Amino acid sequence: MSVETKEHREPCCSKLKLFLASLSFVYFAKAFGGSYMKSSITQIERRFDIPSSLIGVIDGSFEMGNLLVIAFVSYFGAKLHRPRLIGIGCLIMAAGAFLTALPHLFQGRYVYETSLSHIPEENTTESILPCLTNTSHLGIHVQAAEENQAACEKEAGSYMWIYVFLGNMLRGIGETPVMPLGVSYLDDFAREENTAFYLAFIQTVGILGPMFGFMFGSFCAKIYVDIGSVDLESISINHKDSRWVGAWWLGFLVTGFLMLLAGIPFWFLPKSLPKQGKSPNQKKLNKEIVTKSCSDTTEEVKEQDSFLLEDNNEDHGSKPISMNAMAKDFGPSLKRLFTNKVYLLVLLTSLVAINGFIGMITFKPKYMEQVYGQSPSKAIFLIGVMNLPAVAFGVITGGFLMKRFKLSILGAARICIIASLLSFCLLLSQYFLYCDNSQVAGLTMTYQGASEVSYEQESLLSQCNMGCSCSLKHWDPVCASNGMTYASPCLAGCQTSTGIGKEMVFHNCTCMGELTEELSLSPSNRSAILGQCPRKGDCDWMFKLYMAISVMGAFVSACGATPGYIVLLRSISHDLKSLALGMQTLIVRTLGGIPPPIYFGALIDRTCLKWGSKRCGGQGACRLYDSHAFRITFLGLVYVCYGTSYLLWGVLYRQLSKRQKKLALRNQAKETALEANRNNGHATVSIIKNMDDLDRESTI
């Protein structure tokens, strides 16, 4: 008997491990594509010349596609061939990625606009006159503007952005079966003590996807959109300019090829597998052993296995089920799922936390740009190489703790609460790490050098530039030798210029004269160069401290990810796992994926000091924010979301404790009945009735 019951030795490259590796690569590929989409939002907005509200709709089309099918895929897919459904999803995601990049092949070359009156030819020595004291230049500029307006309206009539919208929606549809079917398939056939480690491994590999996605997005943001078809020496702007458009399409081609490669193994995996650690012919033998030694098995059952009264080891996939029967059972299954109090609390907690996370990760690059003066490409790169690896190590650490100490569900909840409190303390400390506002004449400072924040465009005008006929709409910042940034060469009162393209220098800037005596600048030194001035003081040191605390907070917070997943999986019955994961994704994507960028962005836009102008007129993207107001608004929203989720974790822990006490009473009653069986040879009717009552009471 001891030889027959010896645990079946698993081969090194089992089908379950092949599924684990394949699912991990799919997580990597889909996370790579999603993070690259986030990093390319600004480039897409500039390339198609569309408003930010429309960009929000395009960004949310992924969730829209996911929501269309996730409830049905999660429920019906659990009864069908799960690996092949995941393979079909990979093909759909690849098609969506290729469709997103398709407009680049149909559109012409990108032509950026300039606010200067005219640009000299490369082989001439003519100078640009920023201050248009000669009004003859205005007539030329107005005529050119009218021609550009007609061309712009014709180009704006193109709806090429619809391809991006549909491609992103296809990616959302294809991603639907990956999480609910993949995780439930793995949990069904893996040992219970290995599930946490496997989930941590998948999530860790998946987190590498955003890391490489952000890094590749930063790389593509520095490559000109029409690379290979234009002379880069003729481009007068760089990747730090607000008019620059990077090679946004390149990353979607890479994503498409990755998804095609990731879907191949799933076509060769079976519909079901034997339970890990057991041979296929051992199931009948195990049932006989259980009936002969009930008392022994009761003592060995882990708390995670006995947390539900349903038989989680039942083979639900052995009997063929018709589609009609599955459809009739859909309503009762939903009712069973949403009457589970623990599941509802887990769902609500994750929903509030995801609101804070999505809002934070969407606008964190802009936060680093506006508060600490970092370039967008550098901000994206640092998130990819510092924050995301910390998250990966945190996830794998949480899974290791679960496996190493064999923690119960209450132990998993304790890890989540501790990680949440520590990360929230680190997050609170970020409020005190900030730099001063950029010194921009007329917006954050007066032309005389006094600190004063102004939201009025008329504040850009002063006596020094009143006669220059400057446009207040454009944003072409120049850094003057007095350390002050001006919104344009014209608003700086610059009279002449030398050089061309990126090497252009403006001279005789009259608005610098008001600070000449204070800074001991001679008239010959009143010059300016393209771009904003760097931040002053200890901003670099403050940014390094911010990144250090941000990385530590990401690691600590991620330590609670895998334990939180285990709490979810162990709180629902076997036949509802796929449906529960699918409904969680459905609700979190609906209320946690789409709204946060909208209300975060709407409130952040209220801190804007200088708006840009679109090519066809109207208000464009914000060019400069009040960094202090931006910091308070951004961190305040994050604090509200995360703080609420941490309070809900406390309520959830209390509910788990109540369920645990009821389960203890149930187990005690069963042990009493088994003892009576051994002593008297039969169980009394009263004991059996008492056990049944406790079973009904402990069901949530």
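A Cβ is built for glycine as well, from the same backbone N, Cα and C atoms used for every other residue.
From a predicted model like this one, the values you see are computed outputs, not experimental measurements.
Copied over from TrEMBL:
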- 19-661: domain 'Major facilitator superfamily (MFS) profile' (DOMAIN)
- 458-513: domain 'Kazal-like' (DOMAIN)
- 16-33: transmembrane segment (TRANSMEM)
- 53-78: transmembrane segment (TRANSMEM)
- 85-106: transmembrane segment (TRANSMEM)
- 196-225: transmembrane segment (TRANSMEM)
- 246-268: transmembrane segment (TRANSMEM)
- 342-363: transmembrane segment (TRANSMEM)
- 379-401: transmembrane segment (TRANSMEM)
- 407-428: transmembrane segment (TRANSMEM)
- 545-568: transmembrane segment (TRANSMEM)
- 632-653: transmembrane segment (TRANSMEM)
Tertiary contacts of the transmembrane segment (196-225), as residues 6+ beyond its ends and Cβ separation under 8 Å:
20, 23-25, 27-36, 38-40, 43, 47, 104, 110, 182-183, 186, 190, 232, 235, 239, 244-251, 254, 376-378, 380-381, 383-385, 388-389, 391-393, 395-396, 398-400, 402-403, 558, 561-563, 565-566
Which stretch from 16-33, 379-401, 407-428, 545-568, 632-653 shares the most C-beta pairs under 8 Å with the transmembrane segment (342-363)?
632-653
Tertiary contacts of the transmembrane segment (85-106), as residues 6+ beyond its ends and Cβ separation under 8 Å:
23, 26, 29-30, 33, 37, 48, 73, 77, 160-161, 163-164, 166-178, 181-182, 225, 248-250, 252-253, 255-257, 259-260, 262-267
What same-chain residues lie close to the transmembrane segment (632-653): Cβ under 8 Å, and 6 or more beyond its ends?
342, 345-346, 348-350, 352-353, 355-357, 359-360, 363, 367, 410, 413-414, 416-417, 420-421, 423-424, 427-428, 430-431, 567, 599-600, 603-604, 606-607
To the transmembrane segment (407-428), which of 16-33, 379-401, 545-568 is linked by the most Cβ pairs under 8 Å?
545-568
So what's near the transmembrane segment (379-401) in sequence-distant terms, Cβ-Cβ under 8 Å and 6+ beyond its ends?
35, 39, 196-197, 199-201, 203-204, 207-208, 210-215, 217-218, 221, 361, 364-366, 368-369, 407, 415, 419, 547, 550-552, 554-563
